[in-house]
Each structure stands twice: as structure tokens, then as C-alpha cells.
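As C-alpha cells, the structure follows; a few thoughts come after it.
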Amino acid sequence: MRIILLGAPGAGKGTQAQFIMGKYGIPQISTGDMLRAAVKAGTELGKQAKEIMDAGKLVTDELVIALVKERIAQDDCRNGFLLDGFPRTIPQADAMKDAGIDVDYVIEFAVPDELIIDRIIGRRVHAASGRVYHVKFNPPKVEDKDDVTGEDLSVRKDDQEDTVRKRLVEYHQQTAPLVSYYQKEADAGNTRYFKVEGTRKVEEVRAELETILG
């Protein structure tokens, strides 16, 4: 079961990825984690990646694809894997296809931008413990205070409105075109494509994913 999750930041992919991993026993492959692990392990690809990153440059698609191939050849990917955050662009999707990396399911999480902004900018974090609240959906007992310690809550830089809007613009420019790319792939019989309404309750989305994935 090889799965790609598509959707803007804040669309709920992370929450459902945890569920899919637990339910189907497949690992989530994050290219960021993979790069860090390869650099730490000092593999040939890791050394190449380190050299590029140390020079302040972006790692090439070719190198990332090579790392993905290396990663999915490991034992824990025998039953499949879950890709989140990759591919981000059509050239990356093409490179994956050229490298013979097949995908069984592509699942798009559809959520309107304004709801995503609402979801993200309302987050409040207790930095020391990692506890996360939301001013509307999961408020602390006392405004802007952690329930357990009473300490102040903060807003992460990534959760500030201007940052969120920039990330959404980037998503629509680069990643949203993958929706039609994978719809065409599904029409050609190369994968199965599903659109999930991410505006619903977590449990409802989870139930739909179980129906899709079996």
C-alpha cells in the first residue's frame, strides 16, 4: 500500500497520516527526516546532500528521488509507505515515475484557504511541553495560559497569518497542479485518486479513509 497525501498545510494530513501508519503498519516517509538521517548516517547520498546543504543550496530532485528509492527498499517498507510533503512539484512527480516508484493511492485533503488560516492562526502552544491549544476549537481553561502549569502560551512563527498566507500561495503555485496530474494518472489506470473533504470531523475523515483503503 503506497500512498501519497496531498493538501495544503493545515488541511489535516498530519493527523490522518498518524492514523494510517498505525492502522496499516506502514511508515511515513518525510523527505526532511530522510535527508537528516542520510547525513547523520554518512551514506554516499548523505555526503552529497550535506555538501549541497552546507553550501546553502537546495538539494536536487534527483538526489531526493535517489534517497526515496534507498529508503523504500528498507524492510519496514515491505507492506508500503506513506509519502507526505513529496512530491511537491510536477517535475518531482515525473522523476518519481521515471525512477519506477509506483503509487497505489493518492488522497487529496480539500479544505478552503480561509478555514485553513482560521485553523492555523488560532493555534497556541505551550513551548516547554509541546501542548497545543486552539482559541476556537480547543481553548485553554484560562485565555492564553497552559492548563497544567498556568504558564503563558505562544504563537509559533509558522502559525502567524502572513507566514500561513505565503505558504498557501506557494502551495497553490507548486503543489496544487499535482491534483490534475494524479487525476490524469488515475484515468490512465496508473494509480487511484480520491478527494476527501477535510472540513469534517477527524473521526468522519478517518472513517472515509478506512473505506477507501480497506
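Sequential numbering from 1, following the chain as shown.
Including glycine, each Cβ sits where the backbone N, Cα and C put it.
Your range for region 'NMP', going by Swiss-Prot and the list 30-59, 60-89, is 30-59. When R2, R123, R192 are compared with the ATP site residues G10, A11, G12, K13, G14, T15, V132, Y133, R200 in Swiss-Prot, the one appearing in that site is R123.
Helix first, then strand, then coil: DSSP counts for the region 'NMP' (30-59) stand at 22 helix, 0 strand, 8 coil.
In this structure, K57 is the one among the binding-site residues K57, R88, R123, R156 with the smallest number of other Cβ atoms inside 10 Å of its Cβ. Packing against the region 'NMP' (30-59) from elsewhere in the chain are residues 66-68, 70-71, 84-86: each is 6 or more residues past its ends and has a CB under 8 Å from a CB in it.
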